[in-house]
Amino acid sequence: MTEKINLLNLSEPELQGFIASQGQPLYRATQLLQWIHQRGVTDFSLMTDLSKPFRQQLSEASFVRVPELALERVSADGTHKWLFRLADNNKIETVFIPDRKRGTLCVSSQVGCALNCSFCATGKEGFNRNLTLAEIIGQVWLAARLLKSPYKITNVVMMGMGEPLLNYEAVVAAMHLMMHDHAYGLSKYRVTLSTSGVIPAMRRLREESPVSLAVSLHAPNDALRNVLIPLNKKYSLDQLIPLCRDYYSRGSKRCVTFEYVMIEGMNDRLIDAKQLIRLLADVPCKINLIPFNSFQGTAYRCSTESAISVFQKCLMDAGFNTRVRRTRGDDIAGACGQLAGQFHDRTGRHQRWVQKQGHDFNRPIPAIDH
């Protein structure tokens, strides 16, 4: 007996291939996209513009399965954090950040993270595996259903758990669905992928996907970046910065956004700002300064408001479009760098971290009843 297929795990070309294999015209793929993603219907019997024989055919050959909601927390500022349970019982976190006329969904790409950035809670939890397409787009599907009016997803950022470009195929396929007119219909300007700098995958992404790019920079030189982002030892700034400079054509008016976490006494001095100015001198870019969000066991501390203000002014005086990202959801451990999830670490990294600190920092998350 042929194993049933989860339609949520198919890219648009794969869905069209599945439809063709069922002897159906290709427009059926469009209908299924609309039913599943726009209307949120997973029961084939309710897809009323499909013939009854085809609905029966679908139920025999396929299904639609999304992750399950395990827990939810809502911040005092309106930020939502969800813990989603996967089929293998690993759990990931997804965050929704409302802000005036926009609502940003922060989506995870891995169970844990394959990288081990020193300032990020996710990295300390270790790594289990890449998420499937169904598990990535399923976060968007679930969030759209869970949010109550007036909340609405207007932007998606691949900035949750994991390094997106180490899960390239599934992430790019998911972003394509986010932008598809018959799925979520988001503009390419409203879907952003954030990377720590996986150079080969960045080059490929530039050719294959029109999404906006953000780069986790966090340091103005290799010596410091090697400490904060160990990946820099493989892909250093002399490779990363030229690629960012030429990532978008000069005539497009688009540019890379650099993310820079502000850590007291480490990368927040005036000398660091001046070094950053020299590093990015000819790079069309925007800079987001991110106040460091603490997590249990870290020795890092957030820069003072005064230090952040001086750093920002120095960059702006040099002509850089620089903003300070407002911290959201930190009271529910939903802010940048705080996501942890609950999963089996296959690397042993979390246990080594626990032994080093003398505590287990895998935080329990109180539930909200549904």
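Here the Cβ of each residue, glycine as well, is placed from N, Cα and C on the backbone.
According to Swiss-Prot, the feature active site, proton acceptor maps to Glu93. DSSP gives Glu93 (active site, proton acceptor) a strand state.
The annotation domain 'Radical SAM core' is assigned in Swiss-Prot to 99-331.
Counting Cβ atoms from all protein chains shown, Cys106 (disulfide bond) has 28 others lying within 10 Å of its own Cβ. Reduced to three states, the DSSP call for Cys106 (disulfide bond) is strand. Taken from Swiss-Prot, the feature disulfide bond applies to Cys106-Cys336.
For Cys113, Cys117, Cys120, the entry in Swiss-Prot reads [4Fe-4S] cluster binding site. Taking all protein chains in view, 26 other C-beta atoms sit within 10 angstroms of the C-beta of Cys120 ([4Fe-4S] cluster binding site).
Secondary structure at Glu163 (S-adenosyl-L-methionine binding site), as computed by DSSP, is coil. Under 8 Å, Cβ to Cβ, and six or more positions away along its own chain, Glu163 (S-adenosyl-L-methionine binding site) finds Ser109, Gln110, Cys113, Ala114, Leu115, Thr195, Ser196, Val198, Leu231. Here Swiss-Prot flags Gly162, Glu163, Ser194, Ser216, Leu217, His218, Asn293 as S-adenosyl-L-methionine binding site, drawing on sequence analysis.
What Swiss-Prot records for Cys336 is active site, S-methylcysteine intermediate, and it gives sequence analysis as the kind of evidence.
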Binding-site residues compared (Cys117, Leu217) - the one with the fewest other Cβ atoms within 10 Å: Cys117
Taken over the domain 'Radical SAM core' (99-331), the model's mean pLDDT: 95
Candidates Ser194, Ser216, Asn293: member of the binding-site residues with the richest Cβ shell (10 Å): Ser216
His218 (S-adenosyl-L-methionine binding site): tally of other CB atoms within 10 A of its CB: 26
Alpha-carbon spacing, Cys120 ([4Fe-4S] cluster binding site) to Asn293 (S-adenosyl-L-methionine binding site), which is rounded to whole Å: 9
